[in-house]
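Q: Sharing a structure below in structure tokens format, with a few things to ask.
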Amino acid sequence: VASILLNERPSQESDTSSSLETSKKSPSGIDADNDALVLRGIAAEALNSTSINVSWELPNASTELHFHVIISSGEKTRRFDTNETAYTVTDLKPSSTYFFTVWILDGNERIIGTPSETFAKTLSSDGTSNLSPERPSEEL
């Protein structure tokens, strides 16, 4: 599977998950209940034993949007901001499950819309697939 590491702002890592302030109405006047601001087609795919690509469809909106991606493994939480609709996470542990939450941000960097979630498991270090069709327990 071909993959491109997309431009993003520097990552932030923490040992605990953070909370995000949400708003039903952004300063730009975008209504968060608007169906156009729901991310669709979110998917995560293991590329190898240390990388996962997460992607989603661009919401139909007439304003500039950014995306806030949260990656959690139970040990650490990483956060990335991007203008793209895909992100490749690297330096992951083999045979490990990662959970992804993608938030929509308006041009003023305020969270709008409804976040979307998915998960994926990195391949084992020998490169074999160890993916399970069932969602694993979120207790890691």
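Glycine too: its Cβ is placed from the backbone N, Cα and C atoms.
Caution: TrEMBL annotation is automatic and unverified by curators.
What TrEMBL records for this protein is below:
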- 1-31: region 'Disordered' (REGION)
- 13-28: compositional bias 'Low complexity' (COMPBIAS)
- 38-126: domain 'Fibronectin type-III' (DOMAIN)
Q: I'm checking region-level scores; what's the whole-number mean pLDDT for the domain 'Fibronectin type-III' (38-126)?
A: 92
Q: Pull the DSSP breakdown for the domain 'Fibronectin type-III' (38-126) and write it out as helix, strand, coil residue counts.
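A: Its residues divide into 0 helix, 51 strand, 38 coil.
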